[in-house]
There are 2 protein chains.
Amino acid sequence: MRTLEVDLGDRSYPIYIGGDLLKQAGAYFERHGLTKKSPVLIVTDKNVAPLHLHKVEASLQASGYRTVCHIVEAGEPSKSLAVFEQVMTTAIENGLDRKSSVVALGGGVVGDLAGFVAASYMRGVTFVQMPTTILAHDSSVGGKVAVNHRLAKNMIGAFYQPEMVLYDVNSLQTLPDREVRAGLSEMVKHGLIWDEPFANWCGDNCDKLLALDADALEYGLIQGCGIKAKVVATDEREQGLRAILNLGHTLGHAIEATGGYGEYLHGEAISIGMAAAALIAVHRGRDASLYEKTIQLLKGFGLPTAMPQHLKEEQLISAMMHDKKFTENKIVFVLPVRIGEVEIVSDVMLEEVRQVIAELKGEGQNV
Amino acid sequence: MRTLEVDLGDRSYPIYIGGDLLKQAGAYFERHGLTKKSPVLIVTDKNVAPLHLHKVEASLQASGYRTVCHIVEAGEPSKSLAVFEQVMTTAIENGLDRKSSVVALGGGVVGDLAGFVAASYMRGVTFVQMPTTILAHDSSVGGKVAVNHRLAKNMIGAFYQPEMVLYDVNSLQTLPDREVRAGLSEMVKHGLIWDEPFANWCGDNCDKLLALDADALEYGLIQGCGIKAKVVATDEREQGLRAILNLGHTLGHAIEATGGYGEYLHGEAISIGMAAAALIAVHRGRDASLYEKTIQLLKGFGLPTAMPQHLKEEQLISAMMHDKKFTENKIVFVLPVRIGEVEIVSDVMLEEVRQVIAELKGEGQNV
Ligand SMILES: NC(=O)c1ccc[n+]([C@@H]2O[C@H](COP(=O)([O-])OP(=O)(O)OC[C@H]3O[C@@H](n4cnc5c(N)ncnc54)[C@H](O)[C@@H]3O)[C@@H](O)[C@H]2O)c1
Ligand SMILES: NC(=O)c1ccc[n+]([C@@H]2O[C@H](COP(=O)([O-])OP(=O)(O)OC[C@H]3O[C@@H](n4cnc5c(N)ncnc54)[C@H](O)[C@@H]3O)[C@@H](O)[C@H]2O)c1
Ligand SMILES: [Zn+2]
Ligand SMILES: [Zn+2]
């Protein structure tokens, strides 16, 4: 088991990464001094519940905690105000009080939803993250929690830090292959924005990672979380530097939105977005090898790098217009400088984006 | 014009109290360096809009700000997740971005609703309070924002401090008489919990205050806000001391809830709650004059101090059981020690509460 401290002053918290941590949930709750007098609400989804919920419940109950569960449908549509309200109802009906904890057991969807519940229930209760996807290594650091509005993703939320993160690497063994790849997309992103050796390590270890080798996963997650933690620690409320974490996300969110939040996984969408960002950078003068290396790395993980034909350019553009990355009507884009370094560029023109969307559609025809 | 600084470290903010401040909104926005490139969303209600909205709009527009308005139904039902979502829709559709401000122009309902919108929109934008009720002198200090859940009031919210509060005493001249009295209830409360001379001043000046005399109002609001600011500054997140502000609120919220959030105004409900708290204190050994003085002060403002006959004891009790003031199944009550001082008592028994509800119903028959 390894521990990573996310350093945010009096909102600092540890991420525990290792095997079988879910079975030790009760001990970690005790270590953090969480009261046994108030009920604990575990939010999870229909896929994760049959696989992993019993471990958490059994461990907490063995330590003397009273648990309440709320199980949502799996998938992005559960990040809605309607589901948020249902979780609140469960919390109230089961007498959760100010000293209660809300646990997110699942991927980023459950993490974001349960995190916003924890941030808002009685104006804030203790939040514990138990990520069960690789992608959630990203959402477990940084304190961003949110639900979606039908017009745009993540529009309604808060910055709210957890008390701790329990990252059980064994729980990842049950992940479907497509989710594994999509999660590794965000891990690769952390290499691309910050750490060339780590990006190269990802490329060299892509078979081990795809095979869910425990040592490789533990190392990769620690590095990925560590990079994000460093960025977040210098910019908790996304005033500047933190925006580099959005590499691939401006177009990625538009792909998710036009695909109806269902067709593309987040990690797949941002993989295409990272390819697009590299191509824009090349058009603006970076060496062509930057784009080649980027898509080679992503393809190694079986991730998409071409723009799907059926996504309409106009819909992508208009989805981007609604996105919060548009400040004062200019398009802000994170563009790579080289592998391991990015820059925030605020003058990307719609024309450049249209051009790249068209070129990446062409790419698709050769695959 | 007087300025009161609410001292909360890097979340400190000024409350400006004086005449005709709404007409100077643009100048205050400029003074606080708020950008003119991002739209400003003004949230108000159907009663306040025709009376005061044009002043704010005109002033902001004259200074070069683009304004968007969202007008909700007047009254407590607008503090709902459904209305919250509608305001979010307006914000997104009108292109509010991270540098936008959300203005609450109205009473506590609009303040709490718009405040939670400001806290959650894109995970937090600038919040400006322009209170137009006397009661809102209370809600404009402390950073508590929230909407109601159908099972309990203020269950879903945040601690979120405004950038500034513009308190235009002239805007209070249009308040209906019943709202004036209800608002003064919270002002009296501030005297009762903290400041005997101010409580006495309220009693001595009740005619002036009821007649909306500008000097009396300005003094009373500064004192009321000042007391609340002192309490909040020592306990921003309601860990301890801040709970004294809940004098009258445990039973008051139950009265509002059982009256369907419509029959009783907040200030009326807590007036009955303050009478009840004084009576419980007397039953526990305080001098009988404590109760007599309390109800005399409240009656001077035409506020209710008897329990309405038609409110069922069982419903009141069960509403209290759902209230967040119940921690770990014990009933926490704020009880007066003397005029100007209260204590937080955590072992009040249901029986004591039932007894006082019955006695205060008897009171009603003599009135
Ligand atoms: N808050 C942040 O900083 C942040 C960062 C990145 C992504 N996100 C959000 O995260 C979400 C995507 O996260 P995600 O990819 O984890 O999605 P997810 O939570 O939907 O999980 C993906 C799928 O895997 C299933 N699953 C989860 N754990 C499993 C396990 N151990 N075994 C078998 N199946 C399992 C889920 O039921 C789901 O079907 C998006 O909503 C995105 O906006 C948030
Ligand atoms: N956040 C806090 O700390 C805090 C503290 C106390 C109360 N509150 C909340 O405040 C709410 C009650 O506040 P309120 O009494 O101001 O209610 P309110 O906002 O409903 O206003 C009362 C009524 O007066 C009308 N009105 C407002 N200003 C007017 C004006 N200048 N002229 C004419 N009519 C006007 C409104 O339309 C409404 O009908 C409750 O929801 C309560 O929970 C919050
Ligand atoms: Zn992401
Ligand atoms: Zn109140």
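Even glycines carry a Cβ here, placed using N, Cα and C.
Across the domain '3-dehydroquinate synthase N-terminal' (A:71-181), mean pLDDT in this model comes to 96. The domain '3-dehydroquinate synthase N-terminal' feature in TrEMBL is assigned to A:71-181.
Marked as NAD(+) binding site by TrEMBL: A:Gly108, A:Val109, A:Val110, A:Gly111, A:Asp112, A:Thr132, A:Thr133, A:Lys144, A:Lys153. Note on A:Gly108 (NAD(+) binding site): other Cβ atoms within 10 Å of its Cβ, all shown chains, come to 23.
Per DSSP, the secondary structure of the domain '3-dehydroquinate synthase C-terminal' (A:183-325) breaks down as 104 helix, 0 strand, 39 coil. Feature annotation from TrEMBL assigns domain '3-dehydroquinate synthase C-terminal' to A:183-325.
The Zn(2+) binding site annotation in TrEMBL covers A:Glu186, A:His249, A:His266. Within 10 Å of the C-beta of A:Glu186 (Zn(2+) binding site) there are 24 other C-beta atoms, taking all protein chains into account.
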- Tell me, how many other CB atoms lie within 10 A of the CB of A:His266 (Zn(2+) binding site), whichever protein chain they belong to? 25
- Starting from the Zn(2+) site formed by A:Glu186, A:His249, A:His266, give every other residue of that chain whose CB sits within 8 Å of the mean position of their CB atoms, in sequence order. A:Leu135, A:Asp138, A:Ser185, A:Lys189, A:Gly248, A:Gly252, A:Gly267, A:Ala269, A:Ile270, A:Gly273
- Note on the structure: Cβ-Cβ distance under 8 Å, sequence separation of 6 or more, same chain as A:Thr133 (NAD(+) binding site); the residues meeting this, in order, are A:Gly106, A:Gly107, A:Gly108, A:Leu172, A:Leu175, A:Glu179, A:Gly183
- Task: Please report how many Å separate the Cα atom of A:Glu186 (Zn(2+) binding site) from that of A:Asp112 (NAD(+) binding site), as a whole number.
- Result: 16
- Quick one: what's DSSP say for A:Gly108 (NAD(+) binding site), helix, strand or coil? helix
- Rounded to the nearest Å, what's the C-alpha distance separating A:Val110 (NAD(+) binding site) and A:His266 (Zn(2+) binding site)? Just drop the number here, would you? 14
- Message: Please report the Cα separation of A:His249 (Zn(2+) binding site) and A:Asp112 (NAD(+) binding site) in Å, rounded to an integer.
- Response: 17
- Query: Rounded to a whole number, how many Å is the Cα of A:His266 (Zn(2+) binding site) away from the Cα of A:Asp112 (NAD(+) binding site)?
  - Reply: 13
